[in-house]
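Features of the protein shown, as given by TrEMBL:
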| type | residues | note |
| --- | --- | --- |
| ACT_SITE | Asp49 | active site |
| ACT_SITE | Cys52 | active site, nucleophile |
| SITE | Glu237 | site 'Linear diubiquitin binding' |
| ACT_SITE | His262 | active site |
Amino acid sequence: YKLSVSPEMDIMEYCRKEWRGNTPAAKRMRKGYEAVAQKFASIRRIRGDNYCAFRATLFQILSQGTQLPRWLQSEDFTMLPENLLSKYDWIKLWQLRQKPGKRMGEIRDEIKEYLILLRQKWKNISEIKDPLEKQETCDKLFKNEEEEYSLYEALKFLMLNTAIELYNADKSGKRVPVFSWLLFARDTSSNPCQLMQNHLNHIGHSGGLEQVEMFLLAYALQYTIQVYRLYKHSTDEFITLYPNDPEEDWPVVTLITEDDRHYNIPVRMCQETML
């Protein structure tokens, strides 16, 4: 049993523990943490198992969200697996977690269950008004391994759906965000089928999310993901937004990374920041 999201700890205390030396890297990290500490008082460590970008993003969304996004309320939402599988035969190569070689019908039903679970959890937690109770409910959810990993399967499927939409939009001459070109310019993902087989199927198993996939995640959830990239301190990439041209009405969640591979979360905004 491993904690998915550790209890909060003072951000500078955490930094002093992790970055003691006098190397240039340690100095840069300390400067980075000092900058984050201007805005946030504490940090919570996220369990690192190739799902940490999903875990950090979803935890922040659920613990801060006060309403269910429109796209999650739509009637068609739970029909996604059925609709996509009827159009794209190759989706039957989707790798369900720890269950390779599933048949098409099973994949469709199982992903539908994951999407229903995502909507149900998001709705229940967003309706909790008391901040303490909301936090406790989130903590409890991220201690339930079965449910937690089912939610990540739902996120992966939403990313695939968004990738297909962007790919088709580009092919029919519509404007698409720049990251979409980059996503499909890779040799390993020149179309959504390759993206699924070579990338999405491996997230959580043999790898985490690459930079360009962070954009895709943000687009799929219609959230702006703001990341303090500590090793980029004192460059203009220190605070990176995914996407970098977000819609104005998208809510924002904040993560911290030391290396673009593992993500933790800052909590407790400092009072003066909130004012």
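Glycine too: its Cβ is placed from the backbone N, Cα and C atoms.
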> Of all the recorded positions given, namely Asp49, Cys52, Glu237, which is spatially nearest to His262 (active site) at the Cα level?
Replying inline: Cys52
>> Let me check the 10 A CB neighbour count of Cys52 (active site, nucleophile). How many other CB atoms are there?
In response: 23
> Roughly how many angstrom lie between the C-alpha atoms of Asp49 (active site) and Glu237 (site 'Linear diubiquitin binding')?
Replying inline: 25
